[in-house]
Each structure stands twice: as structure tokens, then as C-alpha cells.
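Read through the structure below, which is laid out as C-alpha cells, and then see the notes.
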Amino acid sequence: MSLHVVISAYQLPLYMCFTELILLVVLVKSDVDKLIHIHFLFQINTNGFVSLDKPPAEQDYLGKMPAGFQMMAALLGDLDNSDGRGKVFFRQDSSPAVLSRVSQRIRQAFPRDDEEPSNALIVTWENMAAKGSTERGDRLDTKGNTFQLVVAFMKSSSVAILLYPRDGIHFFSTTVGGDSKVLEAGFNEGLVTSWWWGTKQGTYYQTTTDEEISIRTLTEKTNSGRRGVWVYEIGASPIFLGITSGILSTVPEESTTKPPITMLPRLPDEPQEVFMTPETQTTEAIPEEDQELLTVPPSSSETHTVTPEPETDEPEFSPVEPDPAGPRYTSPEQVRPIPPHPRPQHPQIVVVDEDEDLDINVFAYNLETCAHNRHKCSQFADCRDYSNGYCCHCRPGFYGNGKDCVAEGKPQRMNGKVSGRVFIGNSPLPVEFSNNDLHSYVVANDGRAYVAISNIPHSLGPSLQPLSSLGGVIGWAFALEQPGFHNGFSLVGGVFSRQADVVFYPGNERLSIRQQFKGIDEHDHLVVSTELEGRLPAIPLGSSVQINPYKEIYQYDQNLITSSSNRDYTITSPTGDLQTQSYQWRQTISFQSCPQDDASRTVPPTQQLSVDQIFVMFDTDNRLIRYAMSNKIGSVHSDVPEQNPCFTGRHGCDINAVCRPGEGLQFSCECTAGFAGDGRYCQEDSRPVDHCQRGTHTCDVSERALCRYTGGSSFDCSCLPGFEGDGRTCRDVDECHQDRCHRDAICTNTQGSYTCQCRPGFHGDGFQCSPTGNHEKTPCEREREHAQTASSSSTGFFSFFRPRPAVSQYVPQCDEHGAYEPTQCHTSIGQCWCVDANGQEIPNTRTGSSATTLCINQVVTPPPLIGPTPRPDVRPIAGGTHLLFAQSGRIEHIPLDGYDMKKDESKPLLHVPDRVVIAVAYDCVDKMVYWTDITGPAISKASLDGGDVVPVITTDLQSPEGIAIDHVARLLFWTDSMRDTIEVSKLDGSQRRVLFDNDLVNPRPIVTNPAYGRLYWADWNRDGPKIEMSNMDGTERVVLVKDDLGLPNGLTFDPDNQQLCWADAGTRKVECMDPHRRIRIKIAEGIQYPFGLVSFGKNLYYTDWRREAVISVDRYTQKETDQFQPQKRSRLYGIATTPTQCPQAYNYCSNNGGCSHLCLPRLGGFTCRCPDNVDGRCVDGNL
């Protein structure tokens, strides 16, 4: 039997009930003043998603996301429409009424977006059941789930709108493989091909979690200002990936005078948002065996009649002339209903064809960055970009999840409301109460918590006494932490939900407790709302309750914490009778963690909350229920309890102080932030505070604003150049509106700056552009021209398949010579990354546009067109100590007069114009300078007394960026950030051996401590930066520093003071540490973009990319003392000193230790090691 459907390509919805029929639909759009017909291969699936690939069998993706194909999941699950009531509708619509409503939703979600959609694809799943529910004999009036997906197409991007009516979601999970699986929604990229890793699983941007509560809240919450409506921008460039969520999560008061919207039911208190029209009708088709795939060739007609016939490969279609009076809806022919039938073996699919010539890259994922989300972090937190997003991290002295941070040791308060409907004993009538005040107070340094709930009826108060945990959740949140364990607030912050179920024995009464914790308010109080529902055992008025100490095991998973316990309590009646009862307590805590935060992964999977000293009472005079208890969080094992007073709570510190444990039973008390005193007694600090230095100011982030201390406790905020505002909120200035570029250049705005690039056919720096003439374009220039051409021609429907951000398509940045800039940025998605000389992205370098970009220019700067090319050799330099620093194709030196730089006597030491020199090291014995270059790549050396360049290592290198020398053992060490290795050899490059090739991502600086046989290096892995230490033989490898690091880029060791110092371009600090005692001190902060670092006497000298200078810092005064800027302004790299005498040091390998090959020092001895490629006999051994 055939199905006869009339389709209007512009305004008529297409209606059908899914059977095994596969339909092909032509989508037609109007582009300016002409019609363009485009074939799109959509596959609309009854399991709640739309894909652009043919999906595999459902057992390959249901419950196994992310899947290997591209999809937009509106509400994915094992759904069923075989009962005859579930239906799926879809249509393409460009009517003004619908586009106006689409535009309204987009503008509300993205207030700055004023672009209008040109058309929309609308898919509605109505009354879809969970598979198996009809087979269980469920009632016919059982409602299924109804939801909708709208894909809006605009000139420069596409937007997905997901709609979940409040009365539309009736089940939250389906059965998959015998297990219950929660429904899910999101955007799945499928398998992607990478230049570096081949085929791999792409990103799955999930808008729900694995908890049913996330499905429940789809109808109640929003990111667009309207409950149940969720808006996401899904357009991006063909190279970079990004999905952006709407930014309006609050719901304004809605007028009740809005007209009702038909098709979906409307609740009295809120109109439901749907895009179906009053003319919507349905047709149902009798299934045919072996239906053919139907194809519809493009036609210039607006309306088609499609008649699928199973006997033919081609459908019949005939054009229908449009109504000259204007567009109208045409009701499709009614098809008689059919009785419910068994569900087909596979979910049904509707296929919408797409032109094969299109270069499709539909899904792209805009990972949020600090540039756009810093305001979501606490004022006491720093925002840190990772390769897959951003996280907030509380600063030292504070704790929490980064979005909520409180000062260590500070007492914490909790306020909220309690409502409920509770039955007491066998009473048939409930006790109802609403918005009763809850107040709680916890002394954080001993874990003691106090809770009070007011205005409790006398009929309810006595029976609430056993429920100490009603407010005791604050005890878990701020429990006294044992070593290695974390209380609730440290892990989840102040925003989470709690569901607790209580069963009382022996009466089997049941009570449900639901709590929503809403974060820290402006008064620094934790805010909570509580709802009680169920039945409590009756306790007579005047009775007291004693709760025995108990232990509760908490089990931790991503975004979920569960616990359970059995609690005994004793009731003493007014007449003195005793009765012991118990209850079973089960609770689930749901929260949103930061997936990039490694700290959450180090939390023990189980922790034990120990609660004792429990006090409860009902104050009949004041109608208050009071609870008090002491809380500790620690190990589930029955180990010997910690005796240090900081962990027992018996320390005597002021309640506004933090207890710092020492050796054994020793400890100290330290007043918390905002208080002063000796720790035993603390009072509010009235002394002047430099909030700029402390980091407690309210200025915008340092990338956009400057905080200036003005005396007392005052400060001023001002926006940095390139930004405008009051200093507390700074916005980027669009310099492209100020005509700063040449008239033949394209201006691209960036955060705080802008770039100018000559248009195709012109060359220059963008400020001056000249016709290209016969100039042959470089690969960068050709790619740039192609991208600019594509940007100007991409419109309408193509933006979904060749998507690009709302601001502009990614255009590669080329320097004045036509080479790729080492740092490439895409402003629209807020990301930057490093590229090699061919423009290929270097792995693990992607970050937010406002974050530090540490990209080394791997392109050799062309020599000047006139004048001789300098010889690649060393000119002898005068005696004394000098600073050596690398600057692309040369090494310069600055004489030191004491600690002062003799800037007028600075001269080039070595010219290697065809090389990019990165790291520099000096051998004080032979007076040789060693360096790495990444263009060879190679490690080379030359004598300071003059002479030619001598190659040391020229093979099996990719990107050597760090180099260090042990002048005693005559060893050379280096890092390779592309091979992810640390290696050692003799100073002549012989007897080469890999020390480490694991757990390294971006190793760069490396230094030695010959006297102790130690090796130190830093890895600026954005997802986990660290500074490590080992013996020179590779043993005893440990992480020295991993907290409060951003991009540790420079490293130096001072043998005189045994201090390891580093310069961090992420935190913008210079810090030092005694690696033996692990004492860490801050030397300088607020610096710009440090790269190399070296120690000499009381000074530290570092190179800075932004200032293009060498800066000296006095480590004792912690002040900058001088700077030197070379005549040739460009980025400076590694730096070293040439001391007149070698540091006093001895290790066991000074004469090679009797080893046949490599002698590698270690603390207290040495190890004989064989090279990786050894010729002849060699024996490893420790001595």
C-alpha cells in the first residue's frame, strides 16, 4: 500500500507515523534573490536523535555513548512507537512566524546575537514510549515522552534548540541489554581523523548526566531564559570544533496573558514553547514489506506530491504551483489508523539526502575557556585553561571546588528554608509547614556543627529529634579532614543536590528528604532549601532523644556520591521509660565536577564520616529543633587514629584560625584570612591590606585589567590597553572599527589587540600593503586566501555543513614573510594553539585565547636582502661573567659588572642565521657554550675563545628545548618535547641513553645539581603541569611541585643556596624552593611571559617574550632591578651565565667512577649504565 503525502518545501510540515518506511526529502532555501536546492542526508531516528551518518544497529550505540557516528541527540534511548500512539513529525520551515519565534529564542539565549535565521528544520517526537512498556500490559492512557529539536540556519552559524514541555517527560530511562540506562541528550562528533593520531573518537558534548535528576530538570531549567528551552550554537569552521551553550540560566517572571500554544498541552502557570502550528495533523501508514529507499531529485517547484511505491526504484512526483495569494498550509491526506503492532527489529529512520559534493563537517565543539567564563569562578579562585575546557581552582589559603571557595579555618554558616508534609505515627492527617528558617554554624577547625530549625509545630518537633542528619550535611561538608582525605565542600563546593531516604524500625515508617544547595551568597553563607515528605514514628512531647555515635561510608564517583548507615537512638519518655529504636539511612549527592580537574581523580573512592558527641533537643518554648555533632572525614579502615591535635580537633586554636600540623604532636595556629592575632586569639584585621598583592581585589582578571594599590586597604582598577570598562568589568575594544589597517588589508579583532593581513593579491604587514605582482604565494598565504574566499561565499544552509563561528571563519595568520605565525588563534571559539613551520597543529598546545601561549617560532627568519651573511662562528669575548641568551638565529652576551648588566657592551656572540636556537648551557671547565636548535634539529657547541660550531647530537631529535650540563661528571642532559623524552650522553654526544620516556607531555627546562647527583626538569603540560626530580641515573623520580603551577617554562638551580627556582608564564610568578626541605617562597609576581631563567648570586635573570627583554630580579628584596632590550626586537629564549670559576662540587663520577661506559651520579653513590646502542661488552651496576 502506498503513502500519499503533500510536502511544501517552504512552510508545510511533513507528517507521518514511523514504520519501516525510509523517506527522502528535499530541503529548499531562498538565498537573497534566487532559489537554491540543496540535498541533505539527515537520518531522523525514532530513538530520539538526528544523524548525518547511517547509524549502526542500536545495540552498538544505546548505552554505549559516545558512538562512532555524528548525531544530535534530543533525548536518546530505546524508544518505541509501535503502540500506534507514538509519532515523529518533521518539516523544513521558513515561514516568518516560525522564524520570528526561532529568532526570539536565539536572541534570548545569546543577547549579542542579532543575526536572523533563514530557515529551520523541525523534528518532533510525540508520545514516544519506552521499549517493552506496552508488552508489560501498561494502561493505554500511560503517557510517553514528547520533545522537539529545531535546527535553525543562519548566514554565519547554525543553532540547535531543544524543547522539553513540562508535561512532556514521563519516564527517565529505558532498558538496554537488561539494564536500566538513563536517557541522554547531547552532540556527538563520532569518529574523526587527526593529523597526529589517525582515527579516534571525537568529542561528545553531553547536555545531561548519568543521573535521572538531569533528565527531570530538562523541563524545569534552561540556558535561554525559558523553562524547558535549551539553545546551543553548533556552527564552527571546518578545522576547529565548538559548541556554545546559551548564557541565560535564570527564568524571568512570565506574563499569564500570553495566548496558549496549541499541539502540546499547556500548564496553567507557564505556556509551553513548541514550534508546531494549529494545522498540524498526523497520518499513519500501513507497513509494507521490503520498502524501497525513495529518492526525490531537486525541482524548482515549491511543493511536491510524493507517492512511495514498493515496486519501483523511483517515486512519482508532480509539481504543484504555489498559491499566488500567498503561502498556506495543506493538510495531508488522512490514512486510516492501524492497530498496535510489534515493534520492528530496528529503529525507524527518515533519510534526508545531501549533495555528495559538499565538504561536510557538521559537529564542532567549542570547549569553554577562561576568557569567557572567569566570572563563574570564586573571587578567591584562579581560572585555568585545559586542552578540553577550563577549571576554577581555589587559591592557597582557601578551599572548595573553585566556583565556591572559603578561607581555611574560617567558621561557616548555612541558611535556608524547610518545607514539608509529614504524617506522625498512625495519624491520617499530615503536618504541613512551609518556609521554616534553617540556620547552621560549623567551626571548621574542629568539625563541630550546630543546626536549628524554627517554628516547628509541637505535634512534629519531638518526632524530628532522631533526624540529626537533616542539617548534619553541613557537618559532612565541613568535616575535620584527616591526612589525605577531603570533606564535602573541598570536593563539590556549595552547589549540589541531596536525596535521602529514611526507613524507621520496627514500624517501617518512611521519610524522603530532598535538599538543594545553591552555593555561597553575598553574605558568605551557604544557602539550602529542604523538603520533607513521608511518615515519622510518633515520639511524645517532652521526650528526649540520645543518638549513638555512628560511622557512615561515602562512595565517590564522578558527579555522584552515595552513602548509607544504620543509626540507633534511645528515647527517654517524660516518665523515664527507655526505648531503643533505629533507622536505615540512604542518600545520594549529585553535583557537577570539573572533568579537567586532576584533583578530583585523586580522591579516595571511599571515605568514612565519623560522627560523635551528638546532641538533639526540641525547645518547646521557642518551637526550635536543635542538633549538634562533631564530624571527621577519614579512612574506612580501622587504622590507629591520628593523634596530632589538628586532626583530633583538640588544639585550642581560635575559632577563626586554621590549625597547621607539625612533627609528631606539634602544631601551630594561624588566623584565617581577614583576622589577625597569634592564632590562639584572633580578631578582625583592621590593618591596611594590599588586596592587589593578596589577590582579594574585585578587578577583572589580570589579562584584562590592572589592580593598583593606593594605600590603606584601597585600590584602583583600570582596564589594560585594548580593553574598555570600569576596571572591574573590562570589554575588548574592536580596533577594526577604527580603520587601523591598510585599505587593502583585512582586520581581525583579538582579545586586547588586533591583526592586519593584506588581502589576496597584496603583500605586506597589513599596515602597508602592495600589489603582489609576480610574488609567488606561500602555503600560509594560499590557505589564508582560500579561507577568506570561503568566508565571503558561505551563506545560509551551507553554514550548517561548512559551519563557522558567528564572528568570523578561522583564517590562518601569516607573518610579513608569508610564513605561519607560531601562535594561531581563532577568536570566535576563544582558542589558540602552536603550529610548526608547515602550519600543522602541535599536540597538547591548545589553550584559551586569553591564556599564555608558549609557541616557539620554528620558521627560520630570512636574512636581510642586502649586506653579507654573518659567519656561523664565535667571536672571542673578554673575561669576566657574562649573560648568554638566545634570540632565534643567534646567541648574544651581556657583560656583568657585579650584578649589573653592562647594556652598552652587549654584542652578538654567535650567528646561526639558518637555525632557531632555544636552550643555552655553559661548561665552565672547557669554556664551551652548548645550545639546542629545533630547525636541524641539533645540539651543538662552540668555544668562548672563538672558533667554529661543532655538532654534538644531530640524529633522533625532534624538538630539543632544554639542555643541562654536569661539569663534574662531564655529562650532557636534554629534553625533547616532541619525543617526550629526557636523555643523557657524554659531552661529546657519545654513549647516548634515554633516561625517561614515560609520563612526559611537554618537557622543556632541565637543570643539574652535580654535588648531589640530582636532575630537575619541568613539564608544562596544560592538563597537569609539574616540576620533577630524580637522580642522574634515573632512579628516585618524584614530583616536587604540582600545585599552583600554570606553565613552568624556566628553571634554574642555585648551588650556593641549594635553591631550585622557576619562572611560570601561567601564574606569572617567579618562585623558589629548597628541594630537600620542600620550603617554597615567592620571589616575584605579575610578570609577563617568562621563558628562560638563570641564577647568579643574589639575582635571578629571566627572558620575557612580551617585553622582549632580559630582566633581573633581586631574590632577597623580591624587586625587579633592571632590564635589557636588544637592538633587534624579537622573542628571547634560553639564558645562561659564564662564571669565571666553576662551582665547588664533587661527585663519584668525576673520573668516570671506573665504569666502562656511562657513569651516572646519584645521591650518595653512582651507577654504571650502558648506552642504548652499545658496541661490545657493557655491564650495568650500582656502586
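Yeah, the Cβs are placed from backbone N, Cα and C, and that goes for glycine too.
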- Query: Which one of these stretches, 252-271, 772-791, 1112-1131, shows up in TrEMBL as region 'Disordered'?
  - Reply: 252-271
- CYS832 pairs with which of CYS825, CYS834 in a disulfide, per TrEMBL? CYS825
- Message: Among all protein chains shown, how many Cβ atoms are found within 10 Å of the Cβ of CYS825 (disulfide bond), not counting that one?
- Response: 21
- Message: Over the span of the repeat 'LDL-receptor class B' (927-969), how high is the average pLDDT in this prediction?
- Response: 89
- Task: Write out how many residues of the domain 'EGF-like' (732-768) are helix, how many strand and how many coil, based on DSSP.
- Result: 4 helix, 16 strand, 17 coil
- Query: So how many of the residues in the repeat 'LDL-receptor class B' (1013-1057) end up helix, strand or coil by DSSP?
  - Reply: 0 helix, 23 strand, 22 coil
- For CYS832 (disulfide bond), list the number of other Cβ atoms lying within 10 Å of its Cβ atom. 24
